[in-house]
Amino acid sequence: MNKFLALLFVLALFANIAFSCEGHPEHDHGDGDHEHDHDESFVKILDSDNFHNSVSEHDVTLVMFYAPWCGHCKTLKPLYEEAAKQLSANKKIAIAKVDCTQHEQLCKQNKVQGYPTLVVFKNGKAEPYEGDRTTKSIVQTLEEELKPTISTLESNEDIEEFKKQHPISVVGFFDNDHDDRFKLFSELAGNNKKSAKFAVVIDKDFSKEHVESTPNVVLFRSFDEPTVAHKGEFDSESLIKFIKGNSVPLLGEINRNTYKKYESIAVPLAYLFIDSTQDNTQVLEDVKKIATSQKGNAVFCWVDMKKFPQQATHMGLSGKVVPAISVDSVANKARYNFDEKETFSFDTVSKWIQDVIGGKVSPFVKSQPEPESNDAPVKVAVGTTFKKLVLDSPKDVLVEFYAPWCGHCKNLAPIYDKLGEYLKDVESVSIVKIDADSNDVPSDIEIRGYPTIMLFKADDKENPISYEGQRNDHMNFVEFIQDNAAIEFKLPSSQTDDNVESKKDSSAKHDEL
């Protein structure tokens, strides 16, 4: 998820936090009962030896990565087992699980962040499970995965029935099934099956009853204008933009139940913040008119500030002014906020939106004030100085992305300061830290948790190297920097040099074992 979809990220976090246990695969809290695993005949037990073969031998495999001590895992367990039992006769589907306290590396490889994590493997390819955590939903979701990506419709009755079954359906009308554009549509359907249900009509005469010319695509939906025909070029970019942009209402509410629909919107996404206890009739009417005029250029949604008061501040607004509006542009990797001191009216907002789309508005960067003095061995970056201190620096730069409330970050602080002190006289290396909770960082930098530590090499700032080693000694970082830096440097003392070599020797011996 793009970092600048900040609202969506927070909504996703709040939606998921109730269904996952915090923890790390390295920490087994020890109150699980592993013996019972072997009594479950319908749930496959996976480990490093059989994992890859198991997820590849079935058309669809659902894997639960869990920890025995996790309360949410214990709650899910009987529902999961019942789903496995109900699906046991279907040899194309498998339900399995991995105990992350026993198979740490396997869980790390699958990027497990909390428990339980559910992943669907379809023909060996991994996708997050996005259904409800109930027996019924698990069964339905996996059975749905087996259905063809594209249905073939042969009559008006077929089309009407298809529309009734699916709130959003996309139908391609073709003369034949060997046209290159038919192949393009089929591939697009396979890659966007979660956005809508796809079908085709392969009949020139029948197609002409629904479209002016073939091939063409029509989107049917249960809201706003029910039938929308594609009018752009018949290529992937245009079709995806058409489908994503028309799969949501002209001005719909975004909340825990709907945020997924907005996740992959390809055009700028405008968030209107309102107070649901007030009369918003005129505001909604005005913004709906703006949304209509900008159709294809932007997608609009509204957020109830009463339900999600922290969302506006996460976008960089004060959270105290309603109505307010913010635009998130994935393409520009930028966020734009309407000045809360300005009068909120149809004219002012309409012009501002037009200027945002036209590239006339400067993006908002969440940033703390730049430190008056930044002479300490560990440099402090903020949102407005990150580019200067890190990306534009000619040095190899080690950066700690932290949050002030993070306990692990607090434990690391004296060690990181010691690292800065130790390397302060090495001209080619800079040690930097940034409060990533209070400052924006470039959206292509993936921060999965705090602290995240990365080395931005002097000759390759676009591909930082993540530090995955121990954090209990500053010399661990020294060794990491020396091994990966673009510019060679000498350590401050031969004694420490010996220490690093000793660690290398120890590591080599460990690898041999």
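Using the three backbone atoms N, Cα and C, a Cβ is placed for every residue, glycine included.
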Checking feature assignment: motif 'Prevents secretion from ER' per Swiss-Prot, candidates 194-197, 234-237, 310-313, 510-513. Which range matches?
510-513
Of the cysteines Cys70, Cys100, which is paired with Cys73 in the disulfide recorded by Swiss-Prot?
Cys70
Here are the active-site residues: Cys70, Cys73, Cys406, Cys409. Which has the lowest count of other Cβ atoms within 10 Å?
Cys406
Per DSSP, what is the helix/strand/coil residue tally across the domain 'Thioredoxin 1' (21-147)?
47 helix, 30 strand, 50 coil
Nearest-integer angstrom distance between the alpha carbons (Cα) of Cys406 (active site, nucleophile) and Cys70 (active site, nucleophile):
21
Please report the DSSP secondary structure of Cys406 (active site, nucleophile), reduced to three states.
coil
How long is the line from the C-alpha of Cys70 (active site, nucleophile) to the C-alpha of Cys409 (active site, nucleophile), rounded to the nearest angstrom?
24
